[in-house]
Structures are given as structure tokens and as C-alpha cells.
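All remarks here apply to the structure that follows.
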Amino acid sequence: MTMKMSYRKSNIYLSLVNSYMIDSPQPSSINYWWNMGSLLGLCLVIQICTGIFLAMHYSSNIELAFSSVEHIMRDVQYGWLIRYMHANGASFFFMCMYTHIAKGLYYGSYKSPRVTVWTVGVIIFVLTMAAAFLGYCCVYGQMSHWGATVITNLFSAIPFIGKDIVLWLWGGFSVSNPTIQRFFAFHYLVPFIIAAVVIMHMMALHTHGSSNPLGITGNLDRIPMHGYFVFKDLITVFVFMILFSLFVFYSPNTLGHPDNYIPGNPLVTPASIVPEWYLLPFYAILRSIPDKLLGVITMFAAILVLLVLPITDRSVVRGNSFKVLSKFFFFIFVFNFVLLGIIGMQHVEVPFVLIGQISTGIYFAYFIIIVPVISMIENVLFYIGRVSK
């Protein structure tokens, strides 16, 4: 008698879903910090779906952009809900993403054999920041206009060709109609690129499987994804939806900027030009360097420095679960990152400039100096502890 394989395993398409979402073996010890991946997937779906519906009513003409957003809010049925879901969805996307990155830093998810997973994740992070900036400009409020002006002007720091690049980006001599139209075109396109890179991220993860809080091989104790971790993910999905709904329905503008409810005016400069809260730490790093070119290089380096962790972390044990020194400096790093975000909101004046420069130094020191030094010290301590036994 021949045994018949279940349809979910025999079907060429369902077998992929089965291998990733149902029978995928996961370490039994993974905790709720591993739920951020599913929440990020939910955020991406929310952003793409709401974005498609917003694009049906949005006009990228600079004369109509701001008015079309107000039209969505006032005249389109449930337009206010779609717009607030999209705006707050971006903030929740970054909340989950920063938590996901912090989990990776704490538990050593960047170490071999998951270097590819980490690298692709950093690419997703960069693309998400680009999509967020482009979308913020599409509203064409006062902060959108000046944010677009300031950030695109950064390219003028490139020697010889910088000014030509800025004019090419603008499509004119200032942020104008061609700028907003091309920004909207790319803002619509980038999320689908992110979705494709997310699939690559999952493929790379599927090769070696998830890491675990203990930092040891999880091949000896794994359980299927469905029935255990799917239900566990649903718990955080419900908690996420409750918190998300509280912001969307009761406090939709808390995470935004009030100046963006004023139409963009190139003749009036705001008292303080700041991006959305999730870009503030990197904006603070940019402003902490007096030289324009060095500031731009430092800001981009602050993102790309995540890629050096697989090289600089020399620890023989993955993750910080059993490392006192690494835990201490990790939480110093988290506090410093939050401080950079607060500094990014302030005016460029004493003492915020000095604090920003010190925080920037600590930020880079963590990746380039602290992690390799602490990892080598802890390696010696582990060796001494093993020999003494």
C-alpha cells in the first residue's frame, strides 16, 4: 500500500508555504523578541494596502498634493482611516524594526552562519528609510517641503558633481513639481522592492534557521512553526493591533509634526527643520559634524556600520545572554541611541551640539572599539573559567 503525501506538501506552490510557515523547524527556546519579524511583515502589508488606496485619490502635482491629502481626509469614504493607518503604520513599522535590530544586536543574530540574513536585513532598513523619506515629502506640508530641500541638498556636498546632482534630483532650481512627482513615483515603487528583498531575507533565514536566546545550535531541539509559534505570533499581533488602533482612532497625530498641516511654502522657513521621529538619531549624527561632506559621510556610515559587526565581534559565544560586560555596554548603546533621537529634535545650539558630538562618538565606538575589545576580554574570561574547572 502506497502512502499518499498531503496536498500541502505535494503541491509545488503550497509546499513552499508549508516549508516556511507550517513545518519549518524552529528552536524551542525562542522568546517573544523573535515575534518582531511577523509584526514587520504585518506592517509591510498594512503600508502597501493602504498606500495603494491612497494613491487612487492622491495627486502628485505640487499645486494639488496638499489639497488632495485633505480631500482624502474629508471627502473620500473612510479616507481619514486609510490615511491615519498609513501615517501611523510608518511609525509602528520603525518601532518594530528598531526592536528587531536591537534583538539582533543583543542575541548576536549577525554572526556566522547568518551573515547573509543580517546583510539583507540592513538593505531592507536602508530601503525602508528611503521609502519613509519619499512618502513624507509627498504630503507637501511645510515640513515636507523643507525636509526635502535639506536632505536633497546633502548631495551638493559631493565634490565637483554635487550641485549638478541636486539640480537633477529637483528637476529644476528648487523643490518643485517634478521633484514631488518623481518622489511619489519612487515612493510607490520602493515598498514592492522591499517586499522582494524581504523574500530574500526569509530565504537566507530558511537556509540555516533561526538563532535562539541561548546562542547555541538549535538543531537538537526544534519544533514545527505551525501550532506553536504561529499561535505565539498571533498573541503579539493582537497586542500590536490594539496599540495601533489606539493611535489611529484616538491619537492619530501624536507621532506626526504639526507644521505639516500647513501647505508647503518656500518663502517661509520653519523655526526648526526636523524629519519624522524615526529618522532623528541619524539626523542628529548629520548635524553633529560641522563639515557638510563629513556630516553626510558620517550619517550614511552610521547605517552601514551595522555591516561590520560580523567582523568586529570576535566572541566565541553568540549573543549577550551570558555576558555581563556585553549586556552593560549594549544598554549604554540603546540609551545613547535614544539620546541621539532627543538631540535631533533640538535646535542647533549649546549644549545640544556638544552632546550630539559625544553621542555620535559613543555610537561609532560601540561598533568599532567596544564590541571587539569586550568580546576579546570575555573570550579570555570564558577560557579561564573553562580551564579552572
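Even glycines carry a Cβ here, placed using N, Cα and C.
Residues or ranges marked as transmembrane segment by Swiss-Prot on the basis of similarity to another entry: 36-56, 80-102, 117-137, 183-203, 229-249, 293-313, 325-345, 352-372. According to Swiss-Prot, the feature heme b b562 binding site maps to HIS86, HIS187. According to Swiss-Prot, the feature heme b b566 binding site maps to HIS100, HIS201, an assignment based on sequence analysis. Annotation source Swiss-Prot lists ubiquinone binding site at HIS206, citing similarity to another entry.
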HIS201 (heme b b566 binding site): tally of other CB atoms within 10 A of its CB: 21
Candidate ranges 36-56, 117-137, 183-203 - greatest C-beta contact count to the transmembrane segment (293-313) (under 8 angstroms): 117-137
Tertiary contacts of the transmembrane segment (352-372), as residues 6+ beyond its ends and Cβ separation under 8 Å: 284-285, 287-289, 298, 301-302, 305-306, 308-309, 312-314, 329, 332-333, 336-337, 339-340, 343-344, 346
Three-state secondary structure, which DSSP defines for HIS100 (heme b b566 binding site): helix
Surrounding residues of the transmembrane segment (80-102) on its own chain - C-beta under 8 Å, 6+ positions past either end: 33, 36-37, 39-40, 43-44, 46-47, 50-51, 53-54, 69, 72-74, 121, 125, 128, 132, 135, 240, 243-244, 247-248, 252, 255-256, 276-278, 306, 334
Residue from HIS86, HIS100, HIS187 whose C-alpha is spatially nearest that of HIS206 (ubiquinone binding site), among the binding-site residues: HIS100
Maximum Cβ pairs under 8 Å to the transmembrane segment (117-137) - stretch from the list 36-56, 183-203, 229-249, 325-345: 183-203
When counting Cβ pairs under 8 Å to the transmembrane segment (183-203), the leader among 36-56, 229-249, 325-345: 36-56
Inter-residue Cα distance where the pair is HIS100 (heme b b566 binding site) and HIS187 (heme b b562 binding site), in Å: 23
